[in-house]
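So that you can see what the record holds, here are the features copied from TrEMBL:
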DOMAIN    47-156  domain 'Enolase N-terminal'
DOMAIN    164-454  domain 'Enolase C-terminal TIM barrel'
ACT_SITE  ASP232  active site, proton donor
BINDING   GLU316, ASP341  Mg(2+) binding site
ACT_SITE  LYS366  active site, proton acceptor
Amino acid sequence: MSVQEYLDKHMLSRKIEDAVNAAVRAKTPDPVLFISNHMRKAVSSAITKVKARQILDSRGIPTVEVDLFTNKGIFRGAAPSGASSGMYEAIELRDGDKGTYLGNGVSRAVKNINEKISEALIGMDPTLQAQIDQVMIDLDKTEKKGELGVPLYKHIADLAGKTNFNLPIPAFTLINGGKYAGNSLAIREITILPVGARKFEEALQMGAETYHHLKAVITEKYGAHECNVGEDGGYAPNISSFKEGLDLVKEAIGRTGYNDKIKIAINFAATEFCIGTKYDLDHKSPYKSGQNFKSGEDMIDMYKELCEEYPVVSIEDPFDKEDWEHVKYFSGLGICQVVGDDLLMSNPKRIHRAVQEAACNALNLKVNQVGTVTEVIEVVKLAKDAHWGVVISQRSGETEDSFIADLSVGLATGQIKAGAPCRGERLAKYNQLLRIEEELGDQGVYVGDDWRHY
(Lines of atoms letter the chains of each structure in order from A; the text may use other names.)
(Lines give C-alpha, C1' and ligand atoms only; values in the text may rest on other atoms or scores of the structure.)
Protein backbone atom coordinates (compact mmCIF):
# COMPACT_ATOMS: atom_id res chain seq x y z
CA MET A 1 0.00 0.00 0.00
CA SER A 2 1.39 3.38 -1.00
CA VAL A 3 1.57 6.33 1.39
CA GLN A 4 -1.20 8.10 -0.51
CA GLU A 5 -3.42 5.02 -0.40
CA TYR A 6 -2.85 4.76 3.37
CA LEU A 7 -3.72 8.43 3.83
CA ASP A 8 -6.87 8.06 1.76
CA LYS A 9 -8.00 4.86 3.52
CA HIS A 10 -7.89 6.48 6.96
CA MET A 11 -8.89 9.97 5.76
CA LEU A 12 -5.73 11.30 7.38
CA SER A 13 -5.24 14.17 4.93
CA ARG A 14 -8.54 15.78 5.97
CA LYS A 15 -7.88 15.20 9.70
CA ILE A 16 -4.35 16.64 9.52
CA GLU A 17 -5.59 19.64 7.54
CA ASP A 18 -8.31 20.28 10.16
CA ALA A 19 -5.72 20.11 12.94
CA VAL A 20 -3.37 22.52 11.15
CA ASN A 21 -6.23 24.97 10.48
CA ALA A 22 -7.20 24.83 14.17
CA ALA A 23 -3.58 25.55 15.17
CA VAL A 24 -3.46 28.56 12.85
CA ARG A 25 -6.74 29.94 14.24
CA ALA A 26 -5.49 29.49 17.81
CA LYS A 27 -2.17 31.20 16.94
CA THR A 28 -0.47 28.58 19.10
CA PRO A 29 3.22 29.07 19.93
CA ASP A 30 3.74 25.29 19.85
CA PRO A 31 1.95 23.93 16.74
CA VAL A 32 3.31 20.39 17.09
CA LEU A 33 1.91 20.01 20.62
CA PHE A 34 -1.38 21.65 19.63
CA ILE A 35 -1.83 19.43 16.55
CA SER A 36 -0.96 16.33 18.61
CA ASN A 37 -3.62 17.18 21.24
CA HIS A 38 -6.15 18.07 18.55
CA MET A 39 -5.67 14.71 16.81
CA ARG A 40 -5.94 12.90 20.14
CA LYS A 41 -9.31 14.53 20.87
CA ALA A 42 -10.57 13.50 17.44
CA VAL A 43 -10.20 9.82 18.35
CA SER A 44 -13.25 8.21 19.99
CA SER A 45 -12.77 6.95 23.53
CA ALA A 46 -12.94 3.23 24.22
CA ILE A 47 -12.60 1.12 27.35
CA THR A 48 -9.60 -1.19 27.02
CA LYS A 49 -9.44 -2.74 30.49
CA VAL A 50 -11.28 -2.78 33.83
CA LYS A 51 -9.30 -3.75 36.92
CA ALA A 52 -10.88 -4.05 40.37
CA ARG A 53 -9.17 -4.59 43.71
CA GLN A 54 -10.03 -4.75 47.40
CA ILE A 55 -8.99 -1.71 49.49
CA LEU A 56 -9.96 -0.49 52.97
CA ASP A 57 -12.39 2.36 53.66
CA SER A 58 -12.07 4.97 56.41
CA ARG A 59 -13.27 2.48 59.03
CA GLY A 60 -10.77 -0.22 58.03
CA ILE A 61 -13.50 -2.26 56.33
CA PRO A 62 -12.93 -3.68 52.81
CA THR A 63 -14.48 -1.99 49.80
CA VAL A 64 -14.00 -2.02 46.03
CA GLU A 65 -11.71 0.23 44.01
CA VAL A 66 -11.75 0.14 40.20
CA ASP A 67 -9.24 1.34 37.59
CA LEU A 68 -10.86 2.07 34.22
CA PHE A 69 -8.36 1.98 31.36
CA THR A 70 -9.18 3.73 28.07
CA ASN A 71 -7.19 4.65 25.00
CA LYS A 72 -7.01 8.18 26.45
CA GLY A 73 -6.02 7.53 30.03
CA ILE A 74 -6.66 5.72 33.30
CA PHE A 75 -9.44 6.69 35.71
CA ARG A 76 -10.01 5.46 39.27
CA GLY A 77 -12.97 5.30 41.63
CA ALA A 78 -13.88 3.60 44.91
CA ALA A 79 -17.20 2.66 46.51
CA PRO A 80 -18.07 3.93 50.01
CA SER A 81 -20.18 2.03 52.54
CA GLY A 82 -22.63 3.10 55.23
CA ALA A 83 -23.29 2.15 58.84
CA SER A 84 -27.03 2.33 58.20
CA SER A 85 -28.34 0.26 55.31
CA GLY A 86 -31.76 -1.07 54.53
CA MET A 87 -33.82 -3.42 52.41
CA TYR A 88 -34.69 -0.70 49.90
CA GLU A 89 -31.15 0.18 48.78
CA ALA A 90 -28.58 -1.50 46.52
CA ILE A 91 -26.86 -4.27 48.45
CA GLU A 92 -23.15 -4.69 49.14
CA LEU A 93 -21.77 -8.05 48.05
CA ARG A 94 -19.68 -9.25 51.01
CA ASP A 95 -17.82 -12.58 51.12
CA GLY A 96 -19.23 -13.71 54.46
CA ASP A 97 -16.05 -15.61 55.41
CA LYS A 98 -15.72 -14.83 59.14
CA GLY A 99 -12.07 -15.87 59.05
CA THR A 100 -11.18 -13.00 56.70
CA TYR A 101 -11.97 -9.40 57.66
CA LEU A 102 -14.75 -10.76 59.91
CA GLY A 103 -16.84 -11.65 56.88
CA ASN A 104 -16.58 -8.21 55.28
CA GLY A 105 -14.21 -9.07 52.43
CA VAL A 106 -15.24 -8.14 48.88
CA SER A 107 -13.23 -10.63 46.83
CA ARG A 108 -16.42 -11.96 45.19
CA ALA A 109 -17.38 -8.45 44.10
CA VAL A 110 -13.85 -7.89 42.78
CA LYS A 111 -14.01 -11.16 40.85
CA ASN A 112 -17.38 -10.21 39.33
CA ILE A 113 -15.94 -6.92 38.08
CA ASN A 114 -12.69 -8.39 36.76
CA GLU A 115 -14.38 -11.28 34.98
CA LYS A 116 -18.01 -10.46 34.12
CA ILE A 117 -18.35 -6.66 34.09
CA SER A 118 -14.92 -6.11 32.54
CA GLU A 119 -15.70 -8.46 29.64
CA ALA A 120 -18.99 -6.69 28.98
CA LEU A 121 -17.54 -3.16 29.05
CA ILE A 122 -14.35 -3.55 27.01
CA GLY A 123 -14.71 -1.71 23.70
CA MET A 124 -17.52 0.56 24.90
CA ASP A 125 -17.29 4.36 24.80
CA PRO A 126 -16.90 5.44 28.47
CA THR A 127 -18.78 8.68 27.80
CA LEU A 128 -21.98 6.78 26.98
CA GLN A 129 -23.01 6.53 30.63
CA ALA A 130 -26.58 5.36 30.08
CA GLN A 131 -25.46 2.47 27.86
CA ILE A 132 -22.78 1.40 30.33
CA ASP A 133 -25.23 1.54 33.24
CA GLN A 134 -27.76 -0.51 31.27
CA VAL A 135 -25.15 -3.20 30.58
CA MET A 136 -24.48 -3.49 34.33
CA ILE A 137 -28.18 -3.52 35.17
CA ASP A 138 -28.72 -6.31 32.62
CA LEU A 139 -25.84 -8.26 34.16
CA ASP A 140 -27.43 -7.90 37.59
CA LYS A 141 -31.07 -8.66 36.68
CA THR A 142 -32.28 -7.57 40.13
CA GLU A 143 -33.52 -4.43 41.86
CA LYS A 144 -30.51 -4.64 44.20
CA LYS A 145 -27.47 -3.52 42.25
CA GLY A 146 -23.70 -3.43 42.61
CA GLU A 147 -21.55 -0.29 42.48
CA LEU A 148 -19.49 1.35 39.69
CA GLY A 149 -19.25 4.59 37.72
CA VAL A 150 -16.83 7.52 38.00
CA PRO A 151 -17.45 10.50 35.66
CA LEU A 152 -16.64 14.18 36.45
CA TYR A 153 -18.93 17.18 37.01
CA LYS A 154 -19.04 18.48 33.44
CA HIS A 155 -19.73 15.03 32.05
CA ILE A 156 -22.47 14.52 34.64
CA ALA A 157 -23.97 17.90 33.77
CA ASP A 158 -24.06 16.90 30.10
CA LEU A 159 -25.75 13.61 30.97
CA ALA A 160 -28.37 15.44 33.04
CA GLY A 161 -28.87 18.26 30.54
CA LYS A 162 -27.58 20.89 32.97
CA THR A 163 -25.97 24.08 31.66
CA ASN A 164 -25.54 26.13 34.84
CA PHE A 165 -23.15 25.20 37.61
CA ASN A 166 -23.50 25.98 41.30
CA LEU A 167 -21.34 25.14 44.27
CA PRO A 168 -23.37 23.40 47.00
CA ILE A 169 -23.72 24.58 50.56
CA PRO A 170 -21.80 22.11 52.76
CA ALA A 171 -23.26 20.59 55.91
CA PHE A 172 -20.15 20.19 58.08
CA THR A 173 -20.42 17.57 60.83
CA LEU A 174 -19.45 19.03 64.20
CA ILE A 175 -20.86 16.46 66.64
CA ASN A 176 -21.41 12.73 66.17
CA GLY A 177 -23.66 10.36 68.07
CA GLY A 178 -25.94 7.43 67.28
CA LYS A 179 -24.23 4.60 65.37
CA TYR A 180 -21.40 6.96 64.43
CA ALA A 181 -19.98 7.31 67.95
CA GLY A 182 -19.43 5.44 71.22
CA ASN A 183 -20.92 8.17 73.39
CA SER A 184 -24.41 8.27 74.94
CA LEU A 185 -25.89 10.67 72.37
CA ALA A 186 -28.85 9.09 70.57
CA ILE A 187 -28.96 11.39 67.53
CA ARG A 188 -26.46 10.82 64.74
CA GLU A 189 -25.16 14.27 63.72
CA ILE A 190 -25.24 17.97 64.45
CA THR A 191 -24.01 19.87 61.41
CA ILE A 192 -23.62 23.51 60.39
CA LEU A 193 -24.54 25.30 57.15
CA PRO A 194 -22.51 28.43 56.22
CA VAL A 195 -25.45 30.20 54.58
CA GLY A 196 -23.78 33.61 54.79
CA ALA A 197 -20.64 32.72 52.85
CA ARG A 198 -20.12 34.33 49.44
CA LYS A 199 -18.03 31.52 47.97
CA PHE A 200 -17.47 27.87 48.73
CA GLU A 201 -13.91 28.74 49.72
CA GLU A 202 -15.27 31.05 52.41
CA ALA A 203 -17.82 28.43 53.50
CA LEU A 204 -15.00 25.92 54.04
CA GLN A 205 -13.08 28.47 56.09
CA MET A 206 -16.14 29.15 58.26
CA GLY A 207 -16.68 25.44 58.80
CA ALA A 208 -13.05 24.75 59.70
CA GLU A 209 -12.83 27.67 62.10
CA THR A 210 -16.05 26.66 63.88
CA TYR A 211 -14.79 23.08 64.13
CA HIS A 212 -11.58 24.21 65.84
CA HIS A 213 -13.43 26.55 68.18
CA LEU A 214 -15.70 23.64 69.12
CA LYS A 215 -12.64 21.63 70.15
CA ALA A 216 -11.66 24.44 72.51
CA VAL A 217 -15.18 24.64 73.93
CA ILE A 218 -15.29 20.89 74.60
CA THR A 219 -11.81 20.93 76.13
CA GLU A 220 -12.72 23.76 78.50
CA LYS A 221 -15.98 22.14 79.55
CA TYR A 222 -15.09 18.45 79.76
CA GLY A 223 -11.32 18.14 79.30
CA ALA A 224 -9.13 17.27 76.30
CA HIS A 225 -9.90 13.55 76.68
CA GLU A 226 -13.45 14.22 75.44
CA CYS A 227 -12.24 15.51 72.04
CA ASN A 228 -12.40 12.07 70.42
CA VAL A 229 -14.23 11.91 67.10
CA GLY A 230 -16.93 9.79 65.46
CA GLU A 231 -16.89 7.94 62.16
CA ASP A 232 -17.21 10.98 59.93
CA GLY A 233 -14.96 13.25 61.98
CA GLY A 234 -17.42 15.04 64.25
CA TYR A 235 -16.49 15.39 67.91
CA ALA A 236 -18.07 12.77 70.16
CA PRO A 237 -17.97 14.01 73.76
CA ASN A 238 -19.78 11.72 76.19
CA ILE A 239 -23.00 13.70 76.36
CA SER A 240 -26.49 12.24 76.31
CA SER A 241 -28.59 15.34 75.61
CA PHE A 242 -28.71 16.69 72.07
CA LYS A 243 -29.53 20.12 73.52
CA GLU A 244 -26.23 19.98 75.36
CA GLY A 245 -24.61 19.31 71.99
CA LEU A 246 -26.47 22.21 70.40
CA ASP A 247 -25.30 24.52 73.18
CA LEU A 248 -21.71 23.49 72.49
CA VAL A 249 -22.11 24.20 68.78
CA LYS A 250 -23.86 27.51 69.45
CA GLU A 251 -20.98 28.58 71.70
CA ALA A 252 -18.44 27.63 69.01
CA ILE A 253 -20.34 29.62 66.36
CA GLY A 254 -20.44 32.61 68.71
CA ARG A 255 -16.67 32.49 69.15
CA THR A 256 -16.12 32.68 65.40
CA GLY A 257 -18.11 35.90 65.12
CA TYR A 258 -20.07 34.54 62.14
CA ASN A 259 -23.29 34.27 64.17
CA ASP A 260 -26.29 34.53 61.77
CA LYS A 261 -24.12 33.52 58.82
CA ILE A 262 -24.16 29.93 60.12
CA LYS A 263 -27.27 27.81 60.61
CA ILE A 264 -27.66 24.36 62.18
CA ALA A 265 -28.95 21.07 60.76
CA ILE A 266 -29.59 17.88 62.74
CA ASN A 267 -29.74 14.25 61.65
CA PHE A 268 -31.85 12.53 64.29
CA ALA A 269 -31.83 9.14 62.50
CA ALA A 270 -34.84 8.35 64.67
CA THR A 271 -35.18 4.79 63.38
CA GLU A 272 -32.20 3.92 65.59
CA PHE A 273 -34.07 4.79 68.79
CA CYS A 274 -37.64 3.91 67.81
CA ILE A 275 -39.06 1.03 69.84
CA GLY A 276 -42.45 0.01 68.52
CA THR A 277 -44.28 3.31 68.14
CA LYS A 278 -42.32 5.16 70.85
CA TYR A 279 -38.97 6.96 70.80
CA ASP A 280 -36.25 6.52 73.43
CA LEU A 281 -33.68 9.32 73.27
CA ASP A 282 -31.88 7.71 76.22
CA HIS A 283 -31.47 4.30 74.60
CA LYS A 284 -27.65 4.57 74.70
CA SER A 285 -27.62 5.45 78.41
CA PRO A 286 -27.87 2.19 80.40
CA TYR A 287 -29.26 3.83 83.55
CA LYS A 288 -31.87 5.94 81.72
CA SER A 289 -32.98 3.78 78.81
CA GLY A 290 -36.67 2.91 78.81
CA GLN A 291 -37.63 5.50 81.41
CA ASN A 292 -38.68 8.39 79.20
CA PHE A 293 -40.38 7.26 76.00
CA LYS A 294 -41.78 9.90 73.65
CA SER A 295 -44.76 9.51 71.34
CA GLY A 296 -44.80 10.84 67.79
CA GLU A 297 -46.77 13.85 69.05
CA ASP A 298 -44.19 14.46 71.79
CA MET A 299 -41.44 14.43 69.15
CA ILE A 300 -43.29 16.99 67.04
CA ASP A 301 -43.64 19.32 70.04
CA MET A 302 -39.95 18.83 70.77
CA TYR A 303 -38.97 19.75 67.20
CA LYS A 304 -41.13 22.87 67.27
CA GLU A 305 -39.43 24.01 70.46
CA LEU A 306 -36.02 23.15 69.05
CA CYS A 307 -36.47 25.32 65.94
CA GLU A 308 -37.56 28.24 68.13
CA GLU A 309 -34.64 28.01 70.57
CA TYR A 310 -31.82 27.33 68.09
CA PRO A 311 -31.05 28.38 64.48
CA VAL A 312 -32.09 24.95 63.21
CA VAL A 313 -33.13 25.04 59.54
CA SER A 314 -33.02 21.35 58.59
CA ILE A 315 -33.93 18.09 60.34
CA GLU A 316 -33.15 14.69 58.85
CA ASP A 317 -35.16 11.55 59.63
CA PRO A 318 -37.17 13.03 62.54
CA PHE A 319 -39.21 9.79 62.81
CA ASP A 320 -38.89 6.07 62.18
CA LYS A 321 -38.56 5.05 58.54
CA GLU A 322 -42.08 3.58 58.57
CA ASP A 323 -43.70 6.36 60.62
CA TRP A 324 -45.27 8.06 57.60
CA GLU A 325 -48.11 9.61 59.59
CA HIS A 326 -45.98 11.81 61.85
CA VAL A 327 -43.38 12.78 59.26
CA LYS A 328 -46.18 13.93 56.92
CA TYR A 329 -47.72 16.07 59.64
CA PHE A 330 -44.40 17.58 60.71
CA SER A 331 -43.33 18.31 57.14
CA GLY A 332 -46.66 20.03 56.52
CA LEU A 333 -45.94 22.53 59.31
CA GLY A 334 -43.27 24.13 57.13
CA ILE A 335 -41.03 24.85 60.11
CA CYS A 336 -37.80 23.68 58.47
CA GLN A 337 -36.41 21.49 55.72
CA VAL A 338 -37.37 17.86 56.42
CA VAL A 339 -34.86 15.45 54.89
CA GLY A 340 -35.61 11.81 54.15
CA ASP A 341 -32.71 9.37 54.47
CA ASP A 342 -33.75 6.09 56.14
CA LEU A 343 -37.30 7.07 55.16
CA LEU A 344 -36.40 7.03 51.45
CA MET A 345 -33.18 4.98 51.07
CA SER A 346 -32.72 6.81 47.73
CA ASN A 347 -35.29 4.32 46.43
CA PRO A 348 -37.47 5.63 43.55
CA LYS A 349 -40.60 3.83 44.78
CA ARG A 350 -40.33 5.30 48.29
CA ILE A 351 -39.46 8.74 46.91
CA HIS A 352 -42.54 8.61 44.67
CA ARG A 353 -44.70 7.70 47.66
CA ALA A 354 -43.19 10.51 49.75
CA VAL A 355 -43.85 12.99 46.93
CA GLN A 356 -47.45 11.84 46.59
CA GLU A 357 -48.05 12.05 50.35
CA ALA A 358 -45.92 15.20 50.93
CA ALA A 359 -44.02 13.25 53.58
CA CYS A 360 -40.84 15.36 53.39
CA ASN A 361 -39.32 18.08 51.25
CA ALA A 362 -35.73 16.98 50.72
CA LEU A 363 -33.84 13.85 49.68
CA ASN A 364 -30.61 12.65 51.27
CA LEU A 365 -29.01 10.95 48.28
CA LYS A 366 -26.40 8.23 48.74
CA VAL A 367 -25.13 7.12 45.34
CA ASN A 368 -24.36 3.51 46.22
CA GLN A 369 -27.90 3.05 47.53
CA VAL A 370 -29.17 3.63 43.99
CA GLY A 371 -26.69 1.65 41.91
CA THR A 372 -25.81 3.55 38.71
CA VAL A 373 -25.21 7.14 37.63
CA THR A 374 -28.11 7.03 35.20
CA GLU A 375 -30.51 6.05 37.97
CA VAL A 376 -29.06 8.74 40.25
CA ILE A 377 -29.89 11.36 37.61
CA GLU A 378 -33.45 10.01 37.40
CA VAL A 379 -33.87 10.07 41.19
CA VAL A 380 -32.60 13.66 41.41
CA LYS A 381 -35.00 14.68 38.65
CA LEU A 382 -37.87 13.04 40.54
CA ALA A 383 -36.99 15.05 43.66
CA LYS A 384 -36.41 18.31 41.79
CA ASP A 385 -39.69 17.99 39.90
CA ALA A 386 -41.38 17.90 43.31
CA HIS A 387 -39.51 21.10 44.27
CA TRP A 388 -37.54 19.19 46.90
CA GLY A 389 -34.05 19.93 48.13
CA VAL A 390 -31.37 17.35 47.34
CA VAL A 391 -28.46 16.61 49.69
CA ILE A 392 -25.63 14.60 48.12
CA SER A 393 -24.33 12.53 51.00
CA GLN A 394 -21.22 10.69 52.12
CA ARG A 395 -21.23 7.30 53.80
CA SER A 396 -19.68 6.59 57.20
CA GLY A 397 -17.22 4.20 55.55
CA GLU A 398 -15.59 6.52 53.01
CA THR A 399 -12.59 6.47 50.68
CA GLU A 400 -10.40 9.20 49.16
CA ASP A 401 -12.64 9.18 46.08
CA SER A 402 -14.09 12.67 45.53
CA PHE A 403 -16.86 11.68 43.09
CA ILE A 404 -19.76 13.05 45.14
CA ALA A 405 -18.22 16.53 44.94
CA ASP A 406 -18.37 16.41 41.14
CA LEU A 407 -21.84 14.90 41.33
CA SER A 408 -23.19 17.72 43.50
CA VAL A 409 -21.95 20.35 41.02
CA GLY A 410 -22.88 18.43 37.88
CA LEU A 411 -26.45 17.84 39.06
CA ALA A 412 -26.72 21.29 40.68
CA THR A 413 -28.14 19.74 43.85
CA GLY A 414 -27.34 22.75 46.03
CA GLN A 415 -26.42 20.77 49.16
CA ILE A 416 -23.68 18.32 50.13
CA LYS A 417 -22.92 16.43 53.33
CA ALA A 418 -19.39 15.05 53.40
CA GLY A 419 -18.56 14.97 57.11
CA ALA A 420 -16.35 17.13 59.30
CA PRO A 421 -13.77 19.56 57.88
CA CYS A 422 -11.04 17.12 58.90
CA ARG A 423 -9.76 13.63 57.99
CA GLY A 424 -8.47 12.88 54.51
CA GLU A 425 -11.42 10.92 53.19
CA ARG A 426 -13.80 13.79 54.11
CA LEU A 427 -11.57 16.65 52.97
CA ALA A 428 -11.08 14.93 49.60
CA LYS A 429 -14.64 16.01 48.75
CA TYR A 430 -14.34 19.55 50.11
CA ASN A 431 -10.94 20.12 48.49
CA GLN A 432 -12.30 18.93 45.16
CA LEU A 433 -15.09 21.51 45.44
CA LEU A 434 -12.41 24.17 45.97
CA ARG A 435 -10.73 23.07 42.75
CA ILE A 436 -14.01 23.06 40.84
CA GLU A 437 -14.88 26.55 42.10
CA GLU A 438 -11.47 27.79 41.01
CA GLU A 439 -11.85 26.18 37.58
CA LEU A 440 -15.36 27.53 36.99
CA GLY A 441 -14.55 31.07 38.05
CA ASP A 442 -17.53 33.33 37.41
CA GLN A 443 -19.47 30.41 35.88
CA GLY A 444 -19.78 28.73 39.27
CA VAL A 445 -22.14 30.27 41.81
CA TYR A 446 -22.11 29.33 45.51
CA VAL A 447 -25.73 28.84 46.60
CA GLY A 448 -25.28 30.51 50.01
CA ASP A 449 -28.47 31.73 51.67
CA ASP A 450 -30.44 30.73 48.56
CA TRP A 451 -29.78 27.03 49.29
CA ARG A 452 -33.46 26.12 49.76
CA HIS A 453 -34.26 27.15 46.18
CA TYR A 454 -31.91 24.67 44.47
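Each residue, glycine too, has its Cβ placed from N, Cα and C.
Any TrEMBL annotation is an automated prediction that lacks curation.
If you draw a 10 Å sphere around the CB of LYS366 (active site, proton acceptor), it holds 25 other CB atoms from the protein chains shown. For GLU316 (Mg(2+) binding site), the same-chain residues that are 6 or more apart in sequence and have a Cβ closer than 8 Å to its Cβ are GLU189, ALA265, ILE266, ASN267, PHE268, ALA269, VAL338, VAL339, GLY340, ASP341, ASN364. In sequence order, THR173, ASN176, TYR180, GLU189, GLN394, SER396, GLU398, GLY419, ALA420, ARG423, ARG426 make up the list of same-chain residues 6 or more apart from ASP232 (active site, proton donor) whose Cβ falls under 8 Å from its Cβ. Of all Cβ atoms in the shown protein chains, 28 besides its own fall within 10 Å of the Cβ of ASP341 (Mg(2+) binding site). Averaged across the domain 'Enolase C-terminal TIM barrel' (164-454), pLDDT in this predicted model comes to 91.
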